[in-house]
Amino acid sequence: IFFSVLSPTEEERHLRANDRPFNLSYQYADNAIKTSKYNIFTFLPLNLFEQFQRLANAYFLFLFCLQLIPQISSLSWFTTAVPLILVLSISAVKDASDDINRHKCDKQVNNRKVDVLIDGELKSEKWMNVQVGDIIKLENNQFVTADLLLLSSSEPLNLVYIETAELDGYVYLVYVIRQIGSISLYLLYISTELSALSGEVRCEPPNNRLDKFKGTLSLNGQTYSLDNEKVLLRGCTLRNTEWCFGLVIFGGPDTKLMQNCGKTTFKRTSIDHLMNVLVLCIFGFLACMCAILAVGNAIWEAKEGSVFTAFLPRPPGVNTPLSAFLAFWSYVIILNTVVPISLYVSVEIIRLGNSFYIDWDRKMYYPKNDTPAQARTTTLNEELGQIKYIFTDKTGTLTQNIMSFNKCSINGKSYGELLDFNGHRMEITEKVDFSWNTLADQKFVFHDNSLVETVREGNPEAHAFFRLLALCHTVMPEEKKDGELYYQAQSPDEGALVTAARNFGFVFRARTPETITTVEMDTKITYDLLAVLDFNNVRKRMSVIVRNPEGKMTLYCKGADTIIYERLHPSCNKLMKVTSRHLSEYAGDGLRTLALAYKDLDESYMDDWMKRHHEASVAMDDREERLDQLYEEIEKDLLLLGATAVEDKLQDGVPQTIEQLAKADIKIWVLTGDKQETAENIGYSCNMLREEMKDVFIVAADTAEGVREELQ
């Protein structure tokens, strides 16, 4: 749980590289973080305030105050004060222990060292002393210190590999390619040159959106567009990269990681709420008892009290209503043990002991990384047993996130499975021989030899199909010392598709910010990369625009079939129906599908479009909307090539785990972007859906409001 002090509202962040006085004038937050709740001065008042939100504690405090009044108190205040102080002390010690651990974690993080470029020299500084606008150097396996604009790295093409597990939970490596515009920042690897960098950055204010960043860099009289793919976020870890330099944009509480953490709140469990309700009921019962006794006391005083003056002296002129009122509070004190103060002591001790059992549980120990379970907030332990719903994604959680190219449809013909004369599927065990391709990946497995024959015969549609797979992606190639070609992919789907193209003769070899090099049927070809129309969850497609050596410009697009179909030329209707049938078959087998299409472009139109694209990409206002309009404009009247089907197998033990969770009456919701048929097939495979279920209710809507109506 994190706590951060919100800085004054910003409309735009403006900073200069290597200019601390200028950046300090804006009073941006430094890079220190604070996740603790208390300090030595605030602990006592804040902790007491939190504890007295428990009704029982407030009740006994009130009771203690009553016992200080001589007219109504028949018991010493000592009898209430000691148990109350004991309860408060035990809870305070536990809360202090939790917060001391937070302070230790804060201190450990804030005192980490990083190299900062100051006056042309790299100096080791604590993380907490890093300021916005500083240029810092990260080395392999180091945590990213703050939110950084990547300037240079040891890798070719200014590439860095990062692990984002602490941000989004994914443990596989992703990469950030960052050459900003057409400037060669990756040449600025000498600290003296970086110290002379005087660029100005204007960007959006701090926010919690991990997937978006918008800004501009002004350098040497030119303006360059900045987006999310040019930044390294705090919480990532640098992997497989010797070093990199970055410019600090957001520090400490302003980083996207900390912005997502929110403010620390005092959380109460369901048992706390239940005990509050029970205490209210008990207190109501106590109030009724005391009221009845007070009324009885008033009646007795009025009728019989004077007879017993010899034994019970009382002052003359006693006011009966006042006597009843005082008697009421006297009975509250006498009967105070009806409310069990020991209950809270017992619960706190049990929670503390339970947290030790969690820490010691060997079944929750991960030996590979020497990582045990850790109960960081001991007040919430019992909530683990109150889970009613589990919300999960599919890819990488239910499935292995290891993709393999399984089937495809090219120009209306399906490949990947063989049918006998009766139309039944044949079991194929023999693998396709790719020995004709010296650059093939020997680990790649495919069973339909007819596709290889189609490609080797020079089928133009098959060539265009695999050419698209070799060009339309964000994969980076890496050549090992032994000459083996290896692909680094942000998405396992892309890695599987590029590997498939490689084995069928269309090998992706190299990438620069301006070119893509392939080897197509043993012929090396370099394409000019004119534009990349990125994939996102709204567009559900990705496109690249390239120019071949003959000067022909082509847009290649891949994405969800429903999205691609909306943008096809009317001449593709017949092919679309056949491909749709193939896609339904693939989805029924639980495969992940994509549709592929292309479009030839006119040079004069492209010149105008590229000019408008550059203007939109450097705009600070409505940048995304303007780019989306340009993407919509050019991604239409496409020609369909076919579709791909990729397999992602279930993780070991998933069906058994879901079966056990279902027996515990825990409802499981799975979020997936796959086709409905694919989702249903996976549902049956992992035991979420079972054959004995007579009616499977399908929610199908295009808007949040529509989904809400169907659920109701």
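Keep in mind that glycine also has a Cβ here, set from the backbone N, Cα and C atoms.
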Self-check item: Listed co-binder of ATP (same site as Asp393, Lys394, Thr395, Phe535, Lys558, Arg592, Thr672, Gly673, Asp674, source TrEMBL) among Glu494, Glu632, Glu633
Solution: Glu494
Quiz item: Taking a Cβ cut-off under 8 Å, which residues six or more beyond the ends of the transmembrane segment (277-300) line up next to it in the same chain?
Solution: 55-56, 59, 320-321, 323-325, 327-329, 331-332, 335, 338-339
Quiz item: How far apart, in angstrom, are the most distant Cα atoms among the ATP-binding residues Asp393, Lys394, Thr395, Glu494, Phe535, Lys558, Arg592, Thr672, Gly673, Asp674?
Solution: 23
Quiz item: CA-CA, which of the binding-site residues Phe535, Arg592, Gly673 lies nearest Asp393 (active site, 4-aspartylphosphate intermediate)?
Solution: Gly673
Quiz item: When a 10 Å sphere is centred on the Cβ of Gly673 (ATP binding site), how many other Cβ atoms does it contain?
Solution: 13
Quiz item: Which residues does Phe535 (ATP binding site) neighbour through Cβ under 8 Å, counting only same-chain ones at least six apart?
Solution: Arg541, Met542, Gly559
Quiz item: Which residues of the same chain, at least 6 positions away in sequence, have a Cβ lying under 8 Å from the Cβ of Arg592 (ATP binding site)?
Solution: Met403, Asp493, Ala645, Val646, Glu647, Asp648, Asp674, Thr678
Quiz item: So of Asp393, Thr395, which of the recorded positions has the fewest other Cβ atoms within 10 Å around its own Cβ?
Solution: Asp393
Exercise. Do me a favour and check the Cα-Cα span between Thr395 (Mg(2+) binding site) and Gly673 (ATP binding site); whole Å is fine.
Key: 9
Self-check item: Within-chain partners of the transmembrane segment (75-93) [C-beta distance under 8 Å, separation at least 6 from its ends]
Solution: 43, 47-48, 51, 57, 60-61, 63-64, 67-68, 333-334, 336, 341-342, 344-345, 348-349
